[in-house]
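Notes follow the structure.
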Amino acid sequence: MKEHIVDPKDTMVIECEAKGNPHPIFSWRRNGKYFNVARDSQASMRRRSGTLDIYAKNNPEQYEAEYQCIASNEYGSAYSNKIRLQLYTPVWPREILEPVVVSAGLPLVLSCDPPPGPPKPETYWMSSSFPTMQAVRPDRRVSMGVNGDLYFSNVLINDSVADYCCNARFPYKNVIQQKMPVVVKVLTSEYYWSVTRTVAEAAPTWLSPTGSSSSILVLQGEELLLECIAAGMPTPRITWTKDGEDLAVTSRMKVKNFNKMIQIPKASFDDVGEYTCAATNRLGYIEHTITVKVKAAPFWLEKPTDLILAPEENGRLVCRSDGAPRPTISWSINGEPIETADPQPNRQVSGDTLIFRSVSASNTAVYQCNASNQFGYLLANAFVNVLHATPRILGPRNELTKVIEGSHALLDCRYFGSPVPELRWSKYGQGNLEGNRFKTHSNGTLEIKRIRIEDQGSYLCIISNIAGRDENQVRIEVKEPIIIVTKPQSMKVMRGTDVRLECGVKADITTPVTTNWLKNKKHVTLGWRISLDESNLVITNVNRGDEGNYTCVIKNELDQKSASAHLMVMDRPNPPTNLELSDPYERTVRLSWVPGDSNHSPITEYLVQYDDDDWLPGKWRNLSTYPGTLNSVILHLAPFSYYEFRVIAINEIGASRPSRPSTRFQTSGAPPDVIPKNLKGVGTWRNNMEISWEWNGPKLKYLVWWRRRDSREEWKNATTKWLKYYIYDADTFTPYELKVQAVNDFGMGPESPVVIGYSGEDRPIAAPLNLRVSDIESTQVTVHWDTVTRGSIMGELKEYKVYYWRDSSQLRWHWVNRAMKSKSFPDDVPEPSGTVTNLIPYSNYKMYIVVANNRYEGPPSNSIHFSTPEGVPSAPTSFRIQQRHLDSIYVDWDLPAEPNGIITGYSLKYQTVNATRGEELRVEEFPPNTTSFSIRRYDRYTRYRFSVAARTRLGLGEWHTEESPHYTTETYAQDQVDITTQGWFIGIMCAVALIVLILLIVCFIKRSRGGKYPVREKKDISLEPVDDKDQEGSFDYREEERGLQRGQPSIEAMMKRSDSDDSLVEYGEGGEIPFNEDGSFIGQYTGTRRDVRELDFGGSLELHSPMNTIYSLA
């Protein structure tokens, strides 16, 4: 029986479809009787279908019934299973529930009683306390039963805080309905509650099921629920046994609801037995036994199938089923019980089998098999068709089948004929294929196991019976299988590296293959970072997102192979989370955290950092490191301080990002327990002393103690909140005994050890005497002096400092740097001395010495003079190598920067750079006034290495080495090319000549016409803007020419300065005075002035007019 739930507001549809030839006619039965659909105005059947549509607008309840569909044609009738139509009308009646009053400690059951359905609703309880509503959470005390009721094993005062409401969800429409809420009021004995604050205890009793035993009947395959809920105070504990032994919980079984329920989703006959639940508390013990019986509705062992028989053939229909109890079998013909149908002598019922012998056309019909017991029934239709047909092969013909070597090949040959034809397979029409690797199935299919290359060819399927014969040919091509010769290997790599997953393939050359890569069973998206190299997958700069299982899939039209590998990416660990502080004390607190993912590299240690700065948060400092196996540590802190903590996880790859900071934490106060460090006393002025120490905690004050050393005076003290304290009116450089201790509101800390400090120093009042030198060498000298008395130093002796400078060179023409230098000598011995180094030879030095304490230097001693002897010179400067001719190289140099004596000559060494082994090194000697040398080259490729050094009477100085450039004939020719042959030069000269020619023509025309040429007259070197002769600024050439013919003015006349140009000439600082084109001195405008006696005019001084200039250019 099939349940069919419908909504009466909608169209009720009962489907029924069947096929046959000719097409069947449909009819319906309702409650076992014929249902005349045509006469029912609210029902109809769809065309060419048996589907029933019911539009029940009026009285839909009349259609709640059992329906059965019948499909019939001339060959018989087929029946469907019975269908029970049920209306969906779940309505929860509206009712006002009275408050439930119960005493504390007693049990309570709130009933739900939801509408029965169909289908059965799912129930759950909600508790509401304004303004929120939440689900009731089951626990050992509160349970929701299988029937939907809410059970309280005992009631507490808090149970009256909220209202309780039962809700039902109906799966058909997914609708939720809510019952009216119920109010629970809990009563207490005022005296008992006020004295003990507890409720009365009670022994266990059963709430569900009741009594000491019960039984449950369940069908095989259905859900089995066993429930035991007990009342009692305190709440009882539930335990289970089966058949007197402890219950063995299997994978088919779930223990739920705090051991109060056993759920078996699919019951079987193994679940039959006696289940005992026991409820226990400290006041008692009770048991309840549940007997479980399992029955089974009928189920098929062998279902009857359609038969096609030729006349005079034999056949049978088998209807085999089972159940508990065993079902009974009944047969029908076209829906009519076989017992009342027309008897046929060739038809016989034998138990669950219907036997046919020598069939005829009268045996053609639809036979129904019904297997039923008290828990259900099975119905099957089987069509027996008696006919006479010629053999015919069904499906396509002359097919080509491609298979992979080593696989199973199936060659189809579906056929039809009556009587059933005989079938034979052969290769190339010869022989009969059967046995070994060949097997012919009942449906005509030929199976070839482990097919080989030699099995390739044409196969013939032949069918025949008394009515005829038919055949079909199938060709087979055998291909080589795909073989992955190189499989990808699982890897464990570091983040940021490159990975190559190889997948080498061998396949049949006639069948192209394609390569696909999957990551976690999804296709890999290729891009700039993930690419394919043939069939290999290349991943550059891997990250955590690349981690996973990679599968290389190689396939063609016939075959598919795959190989997988796991890629594991190691990375820095994830930061710890959920930092918690607990167990606070004065100087400690416990810090706990949840470790982050190690990212495949074990965490080796944790670094705990802290921030205790109230004013500038974010200055994290390291506190301590701990092993990677810990996630809870005790931190040692300073008292009365604010702290925030964070944790960093470290593995072999690196450190994680810092965790989120913990909550801010303040340690409680305590007296200081640390002595201030680095206590010292230093004078900053001649009559004071600064006492200082290091900070050792927040909100501290410091008690400072001092007294003179080796005196009987009492200790003096002062309190300060700073890290310094000053003592004034102290004697100069006097020792003091000092100590300090930290103080806060909770007490005083330990005293520091006594240290010695000194008051301030003053300037030394005496200078060292008898400064002298000895062992004078070219670059160093030994200095001696007499020490000063300890009292005159006015402080602690720091050093003796010698000041010296190079006053001059013994070469009078040589310029020296007179910068002062110094050197300190800290030794304090009776006969002190020291060596001053890095002196320059052949120089005159001056020197004096002072004594110094930690603050001041004393007065200078007497200055002394000494001279260093001659030494070897430094390297010559400005060494130049030139090629002035094609076949020679010219070198020259300048004097050394420091001659260090009288230069007596130069040495020059040279040798070819690319010389063969054994070539002689040549050396040239030169007098001091020769600073150049020329050498002839062998060829244009020869290069030389030159070394030059200056010499004094003490020997050769430092060598200067240099190699000649790579000169070639082409380079030289290019450097020495004649510009007169260059095109650009010829063009410029032609342009200049053309301009000069034009100017000459213009001048001759002007001269012949007596024209005027505008120019300023400079006879008297006047700077007046306009000539007196012509206000227009012009003069007659002929008159000028006559003036020139009368004579030239003298040099004295030319150099006579007028009042107007004195001021301009005086601004010059000397130098040559060139002439301008109009005869004036350029120096008047450039500000350059030079004495006329220094000018070399090269004979007579000639002044040129503009015409003279033109003539000279021409």
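Note: Cβ is positioned from N, Cα and C throughout, glycine not excepted.
Per TrEMBL, the feature domain 'Ig-like' maps to 1-86 (among others).
The domain 'Ig-like' annotation in TrEMBL covers 93-183 (among others).
The feature domain 'Ig-like' is assigned by TrEMBL to 204-293 (among others).
Taken from TrEMBL, the feature domain 'Ig-like' applies to 298-385 (among others). When DSSP labels each residue, the domain 'Ig-like' (298-385) comes out as 3 helix, 52 strand, 33 coil, counted as helix, strand and coil in that order.
Annotation comment: TrEMBL describes 391-477 (among others) as domain 'Ig-like'.
Summarising the annotation, TrEMBL assigns domain 'Ig-like' to 481-564 (among others). Using DSSP to sort the residues of the domain 'Ig-like' (481-564) gives these counts of helix, strand and coil: 3 helix, 43 strand, 38 coil.
Taken from TrEMBL, the feature domain 'Fibronectin type-III' covers 575-670 (among others).
According to TrEMBL, the domain 'Fibronectin type-III' annotation covers 675-762 (among others).
As annotated by TrEMBL, domain 'Fibronectin type-III' applies to 767-871 (among others). When pLDDT values are averaged over the domain 'Fibronectin type-III' (767-871), the model yields 91.
In the domain 'Fibronectin type-III' (875-971), the DSSP tally of helix, strand and coil residues is 3 helix, 52 strand, 42 coil. Per TrEMBL, domain 'Fibronectin type-III' is recorded for 875-971 (among others).
Feature annotation from TrEMBL assigns transmembrane segment to 984-1005.
Marked as region 'Disordered' by TrEMBL: 1024-1043.
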